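Database features (TrEMBL):
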type     : residues         : note
DOMAIN   : 98-222           : domain 'VOC'
BINDING  : E152, H170, E218 : Zn(2+) binding site
ACT_SITE : E218             : active site, proton donor/acceptor
DOMAIN   : 228-301          : domain 'VOC'
Amino acid sequence: MASLSVALNLSTPRPSLLHSPSPPSLKFSPVHNTSRRLALFQLGIALPQTQLFNAEASKLLAAEGNTTKAATAGNITRESTSFTEVDAMDWVKNDNRRILHFVYSVGDLDKTIKFYTECMGMKLLRKRDIPEDRYTNAFLGYGPEESNVTVELTYNYGVNKYDIGTGFGHFGIAVEDVAKTVDLVKAKGGKVTREPGPVTNGSTVIAMIEDPNGYNFELLERGPTPEPLCQVMLRVGDLDRSINFYKKAFGMELLRKRDNPEYKYTNAIMGYGPEDKNAVLKLTYNYGVTEYDKGNGYTQH
């Protein structure tokens, strides 16, 4: 099952996670700072990790295919709290959260930044170099990190190519004029893999483009939205299990589900609010396909 990666303390350097990218999977990231906060989802209150998940919560996640490392689970167990499994579930459901960023590795950071800013209208929000760990991060998006989803690009010194794999599908960008955006991409020398036109069995105009690293972006024609970086699509081998996992572990809602028997696939859209105002997770199940190659480029959400 392809899944979102959960990393605690994403606000600090994570060389073991990003310098050596791992495939999308549920895991707790090593930290190099005693301060702990959740950076994958925006929380109303920043709580220490040990107050969020005790042994019972870890068991709950493990039951859904969690690969939390034993050492981390042990540390959490030693920090005795009054959290029960029910408490954990209630907290997940009621907490005010959002998806913060998409994390993936690129082989040419400057070329990628140029493509995203000139072709897709993103802004370079910040950039940091970590020479001691031989990597550089760049954060881009359509608004401040405090209110908008961002892409966190990682360039590992000397690595110019990654295996994206088959589990990762695409990122979604909402634009007001798909055809105009495609013309701009072409003018800048970008690659268009699907020309503008209505989506299959629908009326929404879309197009597909490819960034300099081979990551696919779906352009969706929509009106003005506070969150243009609106979607990430992952392919999963067990749709029902995946839906249940994201509901229980992260408190996401199943916003809609659509089966397309003619084309032998089913889509499920999950998130924390309406698609026109929030970034969402799109899970795609292709009939009969139970496993995908996760690659090493797309790291996490």
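Think of each number as a place in line: the chain as shown, counted from 1.
Quick reminder: no glycine exception, Cβ is built from N, Cα and C everywhere.
Predicted, not measured: the structure shown is a model, and the values here were computed from it.
Every protein chain considered, the tally of other Cβ atoms within 10 Å of the Cβ of E152 (Zn(2+) binding site) stands at 22. With a 10 A radius on its CB, E218 (Zn(2+) binding site) counts 22 other CB atoms from all the protein chains.
Other Cβ atoms within 10 Å of the Cβ of H170 (Zn(2+) binding site), summed over all protein chains shown, number 19. Across the range of the domain 'VOC' (98-222), the DSSP-based residue counts are 24 helix, 56 strand, 45 coil.
This prediction places the mean pLDDT of the domain 'VOC' (98-222) at 96.
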